[in-house]
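K.L.:
The structure that follows is given in the form of C-alpha cells.
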Amino acid sequence: MVTVGNYCEAEGPAGPAWTQNGLSPCFFYTLVPSTLMTLGVLALVLVLPCRRREVPAGTEELSWAAGPRVAPYALQLSLAILQMALPLASLAGRVGTARGVRLPGYLLLASVLESLASACGLWLLVVERSQARQSLAMGVWMKFRHSLGLLLLWTVTFAAENLVLVSWNSPQWWWSRADLGQQVQFGLWVLRYMTSGGLFILGLWAPGLRPQSYTLHVNEEDQDGGRNQGRSTDPRSTWRDLGRKLRLLSGYLWPRGSPSLQLTVLLCMGLMGLDRALNVLVPIFYRDIVNLLTSKAPWSSLAWTVTTYVFLKFLQGGGTGSTGFVSNLRTFLWIRVQQFTSRGVELRLFSHLHELSLRWHLGRRTGEVLRIVDRGTSSVTGLLSYLVFNIIPTLADIIIGIIYFSMFFNAWFGLIVFLCMSLYLILTIMVTEWRAKFRRDMNTQENATRARAVDSLLNFETVKYYNAEGYELERYREAILKFQGLEWKSTASLVLLNQTQNMVIGFGLLAGSLLCAYFVSERRLQVGDFVLFGTYITQLYMPLNWFGTYYRMIQTNFIDMENMFDLLKEETEVKDVPGAGPLRFHKGRVEFENVHFSYADGRETLQDVSFTVMPGQTVALVGPSGAGKSTILRLLFRFYDISSGCIRIDGQDISQVTQISLRSHIGVVPQDTVLFNDTIANNIRYGRVTAGDSEIQAAAQAAGIHDAILSFPEGYETQVGERGLKLSGGEKQRVAIARTILKAPDIILLDEATSALDTSNERAIQASLAKVCTNRTTIVVAHRLSTVVNADQILVIKDGCIIERGRHEALLSRGGVYAEMWQLQQQGQETVPEDS
C-alpha cells in the first residue's frame, strides 16, 4: 500500500532550491505547477468578460471543410487532452513503481495543479474555436491567433519542460534510468516534452482559428452571396486586442516634437525606478535597525542607520496613503506631459471632426460626440497615469520582492510571495468582474429613480389636478427601494472583495512569517529579517488594496478609448483627390451637367439636373419642400460628392480642386443663421479673421446694421448669447450678411435667407442682399416668389428634377407649376411650406 509522507520528505520542511547539482524536485514541482495554475486561471479570468455572439437568424451551423487545416486543429485538440492526462499518468506511474516507499506530498499537489492548468488550456482552446466559428457565421473575422493568456500558458509549460534539463547531472532526477520507476518517469517526460512542444508550435499557428477551416452555409439558396463585411455590434471584452490598444496608447506617452518634455518623461521614469528602489531599501534599513538594537551596536552606527532610514522614508512617503518627496516630484513634473498629451488628443479629434462630412454630422447627436471626445481625452491621460504610475510599479514591486526574497532569503519565500500576490490579483479581477453587473444595474436604477422624480416634478400641475401626490410618492418610494436593494448588492460585494483580499494577504503573511520564524529559530536568519519580510508584504498590500479600483477604472478608460479610436477611424466622405490644385477663378460661370445625387437611403434626391449660371447672373431655385433645392447649394459648396454627372466653375470640375480653395470663393447666407456665443464684432470678423475694426464696421454699414449695433450699450462688443439668441431674427440675418460682405466672395448662395422674417424686415434685408449680390454670380433658394421676380433665370424643381425654367414673366404666361404657385401666394395661401 502506498502512503503519502511529508511534503518534501527527505528534504525537510523547506529545503534549498538548488541541491546535488540540480534543482530540488520538491521546489520545482511546487513552483512550476503553481505558476501554470496561476496562468491558467488568469487566462480564464481575462476570457470571462467575453460574451458569446448571437448568430443571426437564418444562419446555419458551420460545417467542417475538407481543407488542410482541419487535421492540425484535431491534432492540437488531441495534444491538449493528452497534456491534461499526463500529470495523472505520471502520478499513477509513481504509485505503481513506489514499492513501499512513501510518496512526498508535493507530487500529489503537482499532479492535481498541472492537470487543472491543462484543463484551463483545453477549455480556452475550445472556447476560442467556438468564438471564431460564431464570428465567421456572422461574416466577421474576429481574430486569427490565440489569446495572450493561452499562448503564455503553453509557452511557460514548454519552457518548464526544458528547465528540467539543467538537472541532467543530478541523482535526484530520472536521467540515469537506473530502475523501472526512473525509466517510466523518463518516458513520460519525453511524452510531455513532445506534447508541450507541439502545443507551443501549433499555438503560434492557430489552425483552428483560420477562416479557411470552415465552410459557411447561409440559407442554402444564397450560398454564393457575399459575406456581410459590416462591423460586429456584439459586446466585446474590454481586454480583447490588448496589445493593439497598448500600442495605440504608447503613441501618446512620448511627446513627439518636444525635446524638453521627452527629457521630462525620462526623468519621471527614472524617479519611478528610484521609488521601486526605495521600497526595497526602506525595509532593509528597518531590518538593520532591529539587528543593531538586538546586538547592542555602538550609538554611532545606530544613529547613522536611523538617520538614513528616516531620510529614505522621507523620500518614499511617511505613512499609509501618503506620498513622499520622489512621488510628489514625479507628479509635479508629469503635469506638463499630461497637458501635452491631452492637448494633442483634443486637437486631433477636433480636426478630425471638422474633416468629416455634413452627412455624418447630421446623423450624430452633438452631445454624444462631445461626450466621446471628453471621455476619450480623459481616458488616454487616465490610462497612462494608472498603467505607468500605479499598475506597472505595483507589478514591478511584486517581481522585485520575489527575486529579492528568493536570492537573499530562500526560494520558498519567493514562492510564497508569488503565490500570494498571484492569488490576490486573480481573485481581485474575478470578483471585480463578477460585481460589475451589480454596479451597472445600480447605476441604471439610479437613473430611473431620478427620471421618475424629474418626471413627477415637471408635471407638477397634472399631479395637483388629479390629487395624485400619494400615488407619485408611492412610485418614488418603490423606485428608491429597488435602487437600495441593488445598492446593497454592490456594497456587499465590495465588502466581500475587501475581505477576500484581506484573507489572501493574511494567509500569505502567516505562511511567510511562520517560515521566517522557523529560520530565525534555526539561526539561519536574524530577527531583523522577520521584520523585513512583514514590512515588505504590508508595503505591497497598500497599493494592491486599490487594485480593484484601478482595474475598474482601466476597464472604463479602455471602453472610452475604444469609442474615441472608433471615432478617429470614421472615414472622411468628401476628400481632396491626390494632386488636387486650387480653383482658378475667372468670371464665375457655374455649370451643373447631368447631376445625379442620393442620400444614404438610396432614393435619388436629384435626377439629371443640368443648368448654367452665367457670370454675374442671379438664378432662383423654387419648388415644394423636399424637392432638392438646398441640396443643389450643398453640392456646389461640396458638402457632398455627387453620384454622377459634373459640377464646374469656370470650366473646372469642383471635385478635382481643393475644398478650401473652392469654399474661399463662395459665400453663403443661410435661412437659419447661427452665431457664435461671442461679440458682434467677432461674429462679423468670422467672414475674414484677419479683418480690422474699420473693415468690420464698413461691412456692418453695407448690411444696414451699423446703427443698430451702436445703439447697444456695449456696441460691437455686445455678446450675442448662445446661437445668437440675444438678437432678433432680422439682426442675426444682417450680421450674417455683414459677415458675407466681409468675406467678399465671388459666388453668393442664398438659402431662403428671408423666409423666416416679417414683411418689413424682409424688404430691408432684400435691399442689403441686393448690394451684396451686385456683379456676383448668385444662386437663390426662395420660398416667397415675390423675392425672385427679377432673377435672370428661375428653375422650378420638383421631385429632384427641373420641370420648368425661364424668367418670371415667361413662366407666368406658360401657366404651369410656377404660375400656380404664384397665384396661390398672391391669394395669401401658404401652401408651400419652408424648405427643409
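Just so you know, glycine gets a Cβ as well, placed from its N, Cα and C.
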K.L.:
Same side of the membrane for Gly251 and Val527, as recorded in Swiss-Prot?
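P.N.:
The record shows them split across the membrane, with topological domain names that differ.
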K.L.:
Could you tell me which of the ranges 306-326, 327-347, 474-494 is annotated in Swiss-Prot as transmembrane segment?
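P.N.:
My reading of Swiss-Prot: the transmembrane segment range is 306-326.
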K.L.:
What does Swiss-Prot give as the disulfide partner of Cys8, choosing from Cys26, Cys50?
P.N.:
Cys26
K.L.:
Verify whether three or more Cβ pairs under 8 angstroms connect the transmembrane segment (398-418) with the transmembrane segment (107-127), leaving out any pair fewer than 6 apart in sequence.
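P.N.:
No, since the transmembrane segment (107-127) and the transmembrane segment (398-418) share fewer than 3 Cβ pairs closer than 8 Å, they do not count as touching.
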K.L.:
Among the recorded stretches 27-47, 73-93, 186-206, 265-285, 530-550, which has the greatest number of Cβ pairs closer than 8 Å to the transmembrane segment (376-396)?
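P.N.:
Answer, by Cβ pair count: 530-550.
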K.L.:
What parts of the chain pack near the transmembrane segment (27-47), using Cβ distances under 8 Å and only residues at least 6 beyond its ends?
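P.N.:
Contacts of the transmembrane segment (27-47) (Cβ under 8 Å, skipping residues fewer than 6 from its ends): 15-17, 106-107, 109-110, 112-114, 116-121, 123-124, 127, 147-150, 152-153, 156-157, 160, 163-164, 167, 237, 239, 411-412, 415, 418-419, 422-423, 425-426, 429-430, 433.
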K.L.:
Could you give me three numbers for the topological domain 'Lumenal' (286-305), the DSSP helix, strand and coil residue counts?
P.N.:
16 helix, 0 strand, 4 coil
